[in-house]
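To start, the structure itself, in structure tokens.
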Amino acid sequence: MRKLLQTRLEAAGIAATAEQLDKLCAFHALLTQANARMNLTRVPDDPAEAIDRNYLDSLAPLAHLRGAETCVDVGSGAGFPGVPLSIFLPDTRFVLMDSLSKRVVFLQDAIARLDLNAEAVCLRAEDAGRGAFREAFDAATARAVASLNVLCELMLPLVRVGGRAVALKGPGAAEEIEAADAALSALGGRCLEIGTARVPGRDWAHTLVILEKTAPTPEKYPRRAGIPEKRPL
């Protein structure tokens, strides 16, 4: 696993230290063991596919997060992209946020075992954005959580003015970006950049949507839990 991981990272142009490789391998082992008991997420049986879909994919936003002192991973699930990003950005304090307690318990254990500069909290983003985490982060990330107009309301209230929110989206991102114009305007954000994150040798790719927080989010946002998804802006 370690050698294959190193080879795939090199193919993607990602430099990794021995410690980072060790931590990724250790996390994969923890996830595989826990997943057999709790069904946290889908882990492909093929090691190369597991590396590409979960680790290379999660590291796609690296360049957009360097320099951030704090970052929240919204809907972190089993730790993607938050754990790989935390391993590669040790100076950034990560908060891995998920609403499912079994996932958070797993993440708390993984963070402790891997000695990451991170914490995991069991919290919905809508509640976090109205509490102590409001506009508390330099950056936010999310992968496979919700459509972009919904994500804007989950992520932007957590980000300080001047900060960034990075969403990893699928092939329908262009339509989602257009549909998110009203949400961005209402929440104090703008679309800064759109990029493509490709995995070498694979026929799939993610669209990286980089949002900038340009103004404070009005106090009425985020709306209470569940409303952003039911009635997107």
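Backbone N, Cα and C atoms are what each Cβ position is placed from, and that goes for glycine too.
Applying an 8 A CB threshold to same-chain residues 6+ apart, the list for Ala125 (S-adenosyl-L-methionine binding site) reads Val74, Gly75, Met97, Leu154, Met155, Leu158, Pro222. Annotated S-adenosyl-L-methionine binding site per TrEMBL: Gly75, Phe80, Ala125, Glu126, Arg143, in sequence order.
The Cβ of Arg143 (S-adenosyl-L-methionine binding site) lies under 8 Å from the Cβ of Asp57, Ser58, Gly75, Phe80, Pro81, Ala167, Leu168, His206, each on the same chain and at least six residues away in sequence. Remark: Glu126 (S-adenosyl-L-methionine binding site) has Glu153, Leu154, Pro222, Arg223, Arg224, Ala225, Gly226, Ile227, Pro228 as non-local neighbours, by Cβ distance under 8 Å and separation of at least 6 in sequence.
Around Gly75 (S-adenosyl-L-methionine binding site), a 10 Å sphere centred on its CB holds 23 further CB atoms from the protein chains shown. Residue annotation for S-adenosyl-L-methionine gives Gly75, Phe80, Ala125, Glu126, Arg143. The furthest Cα pair among them is separated by 20 Å.
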